[in-house]
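S.K.: Sequence annotations record features per position, and here Swiss-Prot assigns substrate binding site to Arg45, Tyr179, Lys185, Arg305. For Lys185, His204, Asp241, the entry in Swiss-Prot reads Mn(2+) binding site. Residues annotated as ATP binding site in Swiss-Prot, with sequence analysis given as evidence: Lys185, His204, Gly220, Leu221, Ser222, Gly223, Thr224, Gly225, Lys226, Thr227, Thr228, Glu269, Arg305, Thr431.
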Amino acid sequence: MADGLNRVHYNPSTAQLVEFALLRGEGELTANGALVAKTGTRTGRSPGDRFIVKEPGSAADIEWGPVNQAFEPGAFEGLWARVEAFLADKELFVSDLEVGADPEHYQPVRVTTQYAWHQLFARNLFIIPEEFNRQNKPVWQIINAPDFVCMPERDGTNSDAAVILNFAERKVLLAGLKYAGEMKKSMFSVQNFLLPAQGVLPMHCSANVGKDGDTTLFFGLSGTGKTTLSADPKRFLIGDDEHGWAPGGVFNIEGGCYAKCIDLSQKNEPVIWDAIRFGTVLENVVMDEHRVPNYKDSSLTENTRAAYPLEHIAQRKEDNRGAEPHAVVFLTCDVSGVLPPVSILSKEQAAYHFLSGYTAKVGSTEIGSTSAIQSTFSTCFGAPFFPRPAGVYAELLMKRIESFGSQVYLVNTGWTGGPHGIGKRFDIPTTRAIIDAIVSGELKNVETVHLDTLNLAVPVAVSGVDSNLLNPVNTWSDKALYAEYAQKLAAAFTKNFAKYQVSDAIRNAGPKA
């Protein structure tokens, strides 16, 4: 319905939003029916412009610093009021949505956007409930005003844009930016703060389930394979990015997928390919003269995206929930070419590698990245989104693994035979074969070889995988150079881990420099 006075459109349909976006010049229709929108100079998240309001109710529980920057309550009130005044005479789009597919752990949220395509994104990525807010919880508010220009000296921001979370008032303000991923990550951060207090582990992971009800989780930073590997034609998708793990099961925090599109192919990623159709939002994807998307074109950004609802996936778990996971996979993209394609972790090693979050920024989702690929340590495989101290999440992970008996694996989707530029990246079929072996239970109680420097147990055989690939030293022509790189990586792990206050059992579970 539309409010004729203020031109406010409540809970608009997909078709209406696509029509509005085209009429208002916000995007273009592609040959496959998707809507392409461009986000201007900000083609990724803006971590330097993300703040949390520092107020008494939550201040003691947040790890303040460069990731979670403090914002004054008074400054927030002023900025919120200025944005509301800015939007007062604008045509707006509003939906009542939910975040969290669990009937106990959802958060209701009213999303107000200046752009039609942002509203379509929100309706694709959040959950459209059959009945809004059944438990009558206090409702969160998101306001997204991309055309509002922040003034640092007036507003207390760092630039002309800001993303601000206010836990006390249940408000999220997005001003001055068009990149839609900020909306979903803001509510992910909200749930990452709220869920641990309810005994639930929030996770930056994808999840799927087999025909027998066996759940697998895939942790990893953007570009390491979460979406690709969980979109398995033989299994049912729960979700591709954000989940909660409660006693008794896992649930999707979202209602859609936000898949990277760079180099997307029908052959390697058929599930994602088929999901891109009418109703999908394509961010910063370039088209040819016939409006056919060119997924190889990175002229606007490496971080091209497709946002679509889970309903676009044929093989999915319709309630967005699953049993507790038998297998947990940590996806790492090792640019040094040192890590094996798969390692079997003890629970102490799981805690160590969860806290370390070693991986790479692949076609980084953050603006201002100087290099397309660089190694990084990202706590909990998602440091930018976790407001509480890392130990809170690591303890919850250990607790869940122990109580259910999940087996954790470290899977390298990065390089072998040498570092990036010399070695070659593991291809998707090889990694898929490893994942198949993991989910089938093949790698439980198998013969392993121990890699001393890395302190990892590696299986000697995996069905469908060349055995020479399993021990990384075999893929390097210069064995001495491999040993040198392995020592360098072990030293980097040790240096990064020094900041954590953990038990000796966990500290000793890491690589040995």
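Keep in mind that glycine also has a Cβ here, set from the backbone N, Cα and C atoms.
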S.K.: For Asp241 (Mn(2+) binding site), which of these binding-site residues sit within 10 Å, Cα to Cα: Tyr179, Ser222, Arg305?
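M.R.: Qualifying among Tyr179, Ser222, Arg305: Ser222.
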S.K.: With H, G and I counted as helix, E and B as strand and the rest as coil, say where DSSP puts Arg305 (substrate binding site).
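M.R.: Arg305 (substrate binding site) sits in a strand per DSSP.
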S.K.: Taking the recorded Mn(2+) site as Lys185, His204, Asp241, identify the other residues of that chain whose CB atom sits within 8 Å of the mean position of the site's CB atoms, giving them in sequence order.
M.R.: Lys184, Phe188, Glu242, Gly382, Phe385
S.K.: Restricting the comparison to the binding-site residues Arg45, Tyr179, Lys185, His204, Arg305, which residue's C-alpha is spatially nearest the C-alpha of Gly220 (ATP binding site)?
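M.R.: For Gly220 (ATP binding site), the closest Cα among Arg45, Tyr179, Lys185, His204, Arg305 is found at His204.
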S.K.: Please give the greatest C-alpha separation between any two of the substrate-binding residues Arg45, Tyr179, Lys185, Arg305, in angstrom, as a whole number.
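M.R.: Farthest-apart Cα atoms in Arg45, Tyr179, Lys185, Arg305 are separated by 14 Å.
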S.K.: Nearest by CA distance to Tyr179 (substrate binding site): which of the binding-site residues is it, out of His204, Ser222, Thr228?
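M.R.: When the Cα distances are compared, Ser222 comes out closest.
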S.K.: Closest to Thr224 (ATP binding site): which of the binding-site residues Arg45, Lys185, His204, going by Cα position?
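M.R.: Nearest in space to Thr224 (ATP binding site), counting only the binding-site residues, is His204.
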S.K.: Rank aside, I only need the closest one: which of the binding-site residues His204, Ser222, Thr228 has its C-alpha nearest to that of Arg45 (substrate binding site)?
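M.R.: Nearest listed residue in space: Ser222.
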S.K.: Does DSSP put His204 (Mn(2+) binding site) in a helix, in a strand, or in coil?
M.R.: strand
S.K.: What's the CA to CA span in angstrom from Arg305 (substrate binding site) over to Ser222 (ATP binding site)?
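M.R.: It is 11 Å, counting Cα to Cα.
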S.K.: Write down the Cα-Cα distance for His204 (Mn(2+) binding site) and Ser222 (ATP binding site), rounded and given in Å.
M.R.: 10
S.K.: Just how many other Cβ atoms lie inside 10 Å of the Cβ on Lys185 (substrate binding site)?
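M.R.: Its Cβ shell of radius 10 Å holds 24 other Cβ atoms.
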